[in-house]
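Take a look at the structure below.
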Ligand code: GLU
């Protein structure tokens, strides 16, 4: 028997700001199937940097809900592993080290722009406009004198100076992608309140954890050029990326905590069986022809990224019929 570990390493990286709903469950299932179909190692990483949004205890609930779905992981907050800790809140020293390096190499600069402007950036990657408005780079051009003046009245955020060139990539689901030069503009790697930016933390962790394959939701497709720019700045090869479909509620908006009935906890209370949920999710995403009850292990043989929907999927009005007896 060959006991060598598979070189494929994937991850599911939820933000434990709420429990799982069908949309997160779909992303978790697809990320898991991609890894398991390749005989790879699955990493679970809690992206809990934004402490005010992440209530204590939610990470444990998310793990319990994943286990209920039939998803497992080889490395994670509860089981540990060679690249731990697996909670971002316990990895701050690594992010600081990375920021120091970017600072030394003159790739980041302080930004003193107003709170209102920063807020639209702080809510990324979950803002309505994906990555938010493109920053015009005005603080990049400040003189040393101007910086000193502003520094006296305001704590700056730190922005990564996005190289003005395209970062094309071949997405495993969406196909070839090309965003314009400087895609999205200079982005925040550390907020003025001291919280490390999503893009930086994800890239530092994907490097440190040896992630080879990222499978995540479509809402992060436009984050990818920024992450590719960070990989390049750190001199590391990027992983392969694939972005799966978002689920939309009956009202056409992206599933969120507002759609209470699509939370896994609400479905469980109504008697939903996990294999019905996973079988239905796989069918919704395009992997199977029928919404049959199938546990994640039974779905591995259906894995085929070419079949995965390339657009958001709206819940049909009768969706609960498939999941609840
Ligand atoms: N933590 C991010 C989220 O919950 C996902 C990050 C990623 O997969 O790159 O949306």
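Backbone N, Cα and C atoms are what each Cβ position is placed from, and that goes for glycine too.
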Of 3-13, 14-24, the range TrEMBL labels motif ''HIGH' region': 14-24
According to TrEMBL, 11, 12, 13, 14, 15, 47, 198 bind L-glutamate; which of 159, 216 is also listed for that site? 216
Which one of 244-248, 249-253, 254-258 shows up in TrEMBL as motif ''KMSKS' region'? 254-258
Which residue, out of the binding-site residues 13, 139, shows the minimum number of other Cβ atoms inside 10 Å of its Cβ in this structure? 139
Secondary structure tally of the motif ''HIGH' region' (14-24) (DSSP, helix then strand then coil): 3 helix, 1 strand, 7 coil
Within the same chain, where does the motif ''HIGH' region' (14-24) have neighbours whose Cβ lies under 8 angstroms from its own Cβ atoms, ignoring anything closer than 6 residues to its ends? I mean 6 or more beyond. 46-48, 50, 53-55, 58-59, 61-62, 65-66, 217, 246-247, 254-257, 259, 262-265, 267, 277, 281, 315
Around residue 11 (L-glutamate binding site), how many other C-beta atoms are within 10 angstroms of its C-beta? 26
Arithmetic mean of per-residue pLDDT over the domain 'Glutamyl/glutaminyl-tRNA synthetase class Ib catalytic' (8-279): 92
Could you tell me which of the binding-site residues 12, 139, 198 have their C-beta within a distance under 6 angstroms of some atom of ligand 1? none
Within 10 angstroms of the C-beta of residue 198 (L-glutamate binding site), the count of other C-beta atoms across all shown chains comes to 25
